């Protein structure tokens, strides 16, 4: 890993040190995705079946998974894995139930009652990628809050053949329908509906460049679907002092690096000595990983930054605004006060990112690419929307009437003014 001393860098070099890999969609990907979306709109299920063979090398005759198939998958699943999933399920459920909003009702002026009500999004679609490492944990992260929020219909899509653990988690969380379809075609089907697939209002879940581009395209279509967030490559920034355990730090860096070659890991520490120890430990652990080749590409593009003190380390972290922030210092909670931007924060030696990824209870769907400056981690609020209510008595109307007439008149909105004036005259 490249080691940089922050105070030795000029402003341009500092900016370069915290630069992320480019994620702009290539024109070729955009065109392919547009073509796939159009194909699904025109041919429905037939297009999805053809795409399963073309892209996933899967021969299927139907899109919707039956209850019998779900039961069989659950029966095949290793019992230890089932129990581990149940532990995660309970913690995620507890944490998201605590986010249930309270209704707000108050009088702003005597006789003027204002309220905030929360209502669930009716139909949501959850996308779970396939591949060698099926993200069944993401089913929990998406379906549990959807269920707690009260969404009327929760459907899930994943490429054929769907992993048994994905089906087990979907059943556990009360997902209504499961579709074996993947990629941009799945996003199109969830957006516009097909003979078998329910058209949804909002789509959640990660994916490759084609899925990400498909989500971008459908979310910009007035007849399309809303999406959770635009996803970039996964990332972690670790702040460590000289007393941190370099073995723990290295394992945290590598647990992020193994996600993919474009994942970014940054260590901010306080000395050359610790930087060297951590870098050596990363190389030692890397050699033993099954996904060594993938992780090594990420590590090659990652860096260690030496800060003069913890205040500067925080400054660097806030400039970067990481998806995951791990603080391995003697008093991590003290540093938390200065954290301005992060998707999820992990405090102390025994809070590895893996805990949040799976079972602590927090959600692992997080904004990336610096979006933590303006966006939040996924939560219950993402599966619902708020509406305001106002109710004025005659007394309340009279109390505000004259002021609203003046405000409307000065904005030259005569009909607005008349709506008040006519009522005031009727009360004389």
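Here the Cβ of each residue, glycine as well, is placed from N, Cα and C on the backbone.
Listed in Swiss-Prot for this protein:
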type     : residues                          : note
ACT_SITE : 323                               : active site, proton acceptor
ACT_SITE : 324                               : active site, proton acceptor
BINDING  : 234, 256, 259, 324, 357, 411, 416 : substrate binding site
BINDING  : 256, 259, 357, 416                : Zn(2+) binding site
Residue 323 (active site, proton acceptor) as reference: those binding-site residues from 234, 256, 259, 416 with C-alpha within 10 Å of it: 234
Length of the line joining the Cα atoms of residue 256 (substrate binding site) and residue 324 (active site, proton acceptor), in Å: 9
Around the Cβ of residue 234 (substrate binding site), the count of other Cβ atoms that are within 10 Å: 23
Residue 324 (active site, proton acceptor) and residue 416 (substrate binding site), distance between Cα atoms, whole Å: 49
Separation of alpha carbons, residue 324 (active site, proton acceptor) and residue 357 (substrate binding site) (Å): 10
Top Cα neighbour of residue 324 (active site, proton acceptor) in the set of binding-site residues 234, 259, 411: 234
Taking residues 234, 256, 259, 324, 357, 411, 416, which bind substrate in the record, the widest Cα spacing (Å, whole number): 56
